[in-house]
Amino acid sequence: MKLKQRVVLLAILLVIFIFTKVFLIDNLDTSAANREDQRAFHRMMAGLRVELVSKLDHTLQSPWEIAAQWVVPREVYPEETPELGAIMHAMATKKIIKADVGYKGTQLKTLLILEGGQKVVFKPKRYNRDYVVEGEPYAGYDRHNAEVAAFHLDRILGFRRAPLVVGRFVNLRTEIKPVATEQLLSTFLTIGNNTCFYGKCYYCRETEPACADGDTMEGSVTLWLPDVWPLQKHRHPWGRTYREGKLARWEYDESYCDAVKKTSPYDSGPRLLDIIDTAVFDYLIGNADRHHYESFQDDEGASMLILLDNAKSIRVSTWNRLNSLKNGVLKSALKSAMAHDPISPVLSDPHLDAVDQRLLSVLATVKQCTDQFGMDAVLVEDRMPLSHL
């Protein structure tokens with residue numbers, strides 16, 4: 001064989017070797033990532049049940065100090081949370097030392113300060129468990145039990161971006177009114193034998209108060225994020241217009257997604273993938289009204305999208321987790337996670353069934369996209385730099 005032919009042959013063999021090696025490395029990396037996703041799923045399932053206990057072992061810190069230390073730019077709480085039960089017990093039982101009207105918003109809530117100085121947001125019960133709200137997806141009052149369920153769904157999905165939430169019963173006459181501000185106290189009234197209040201918010205009306213069962217009111221308590229992590233509000237790129245007959249740009253412009261991808265903070269970093277995760281989360285809980293979202297201030301798109309007041313490509317880790325939750329696993333996981341909440345049962349069986357059905361719709365939609373565009377175009381490996389988006 002002539003020298004020129006040998007050089008060509010060696011070059012061809014070298015190219016084949018390089019491509020084979022890259023292919024094998026990619027497959028090994030993908031397999032390792034998938035195995036880690038499976039291990040993370042099994043760790044989550046093993047630690048899913050949270051028993052509310054009064055004692056914190058092996059620490060002199062308060063529950064509030066521990067919860068505050070958990071918060072970092074990409075998660076509100078860590079994967080391993082042995083103190084979670086004690087923190088949630090404190091949220092559900094600590095003495096209320098002050099009660100005020102809620103912060104700005106459209107829905108009724110109160111701002112409570114618990115013993116130790118911890119702020120929490122209390123949302124009152126508005127509906128019985130089996131009540132079905134008719135009309136648009138965003139119609140009706142907020143459901144307090146949905147806040148509890150959404151927090152545990154956040155745990156199950158492995159997002160860890162929702163503030164801690166637990167159910168709580170409060171006595172409006174003995175726990176709230178004696179420590180209420182004048183502004184909140186002025187909204188209290190009695191209807192029959194029930195103590196009620198209507199608070200102060202955009203849609204709050206004296207004619208539509210929230211009423212206790214006698215003096216005892218069921219609700220949810222959401223832990224306030226530490227003041228050292230101030231929030232910044234952003235307009236959601238796929239929000240609705242709130243104008244009768246007027247469509248948002250994303251509803252008619254096929255090029256809108258490409259425009260968003262070229263706009264900060266969606267042109268680099270994890271924010272756009274966070275938006276996709278949130279779309280899945282919102283669909284599963286039936287939230288059609290996330291017109292804004294929050295992140296930590298001055299983050300330049302690096303911090304998480306925070307799931308408060310609870311597309312294009314999807315994370316591989318999210319896709320793996322969703323597939324692990326099909327065939328009734330999600331329903332079972334939610335029931336297990338919420339079994340020890342003070343207001344258990346948090347969700348009715350029809351609501352749990354609905355979440356399972358929505359999961360199937362999400363999986364079918366992503367499958368349709370991968371069939372049409374290919375796995376590489378739809379699923380993004382989130383354990384690599386994200387500038388390629």
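Each Cβ is built from the backbone N, Cα and C atoms, and glycine gets one as well.
What TrEMBL says about a protein is an automatic prediction, not a curated fact.
TrEMBL has this to say about the protein:
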type     : residues                                                       : note
BINDING  : Gln107, Lys123, Thr222, Leu223, Trp224, Leu225, Glu294, Asp309 : ATP binding site
BINDING  : Asp142, Asp309                                                 : Mn(2+) binding site
DOMAIN   : 191-314                                                        : domain 'FAM20 C-terminal'
ACT_SITE : Asp289                                                         : active site
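All features noted in TrEMBL, drawn onto the structure.
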residue	record	Cβ neighbours (10 Å)
Gln107	ATP binding site	17
Lys123	ATP binding site	25
Asp142	Mn(2+) binding site	20
Thr222	ATP binding site	25
Leu223	ATP binding site	25
Trp224	ATP binding site	20
Leu225	ATP binding site	20
Asp289	active site	18
Glu294	ATP binding site	18
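Here Leu225 (ATP binding site) is positioned 22 angstrom away from the residue listed as 'active site', judged by their C-alpha atoms.
Cα-Cα distance from Leu225 (ATP binding site) to Asp142 (Mn(2+) binding site): 20 Å (rounded to the nearest whole number).
Across the domain 'FAM20 C-terminal' (191-314), DSSP classifies residues as 24 helix, 28 strand, 72 coil.
Leu223 (ATP binding site) and Asp142 (Mn(2+) binding site) are 17 Å apart (CA-CA, integer value).
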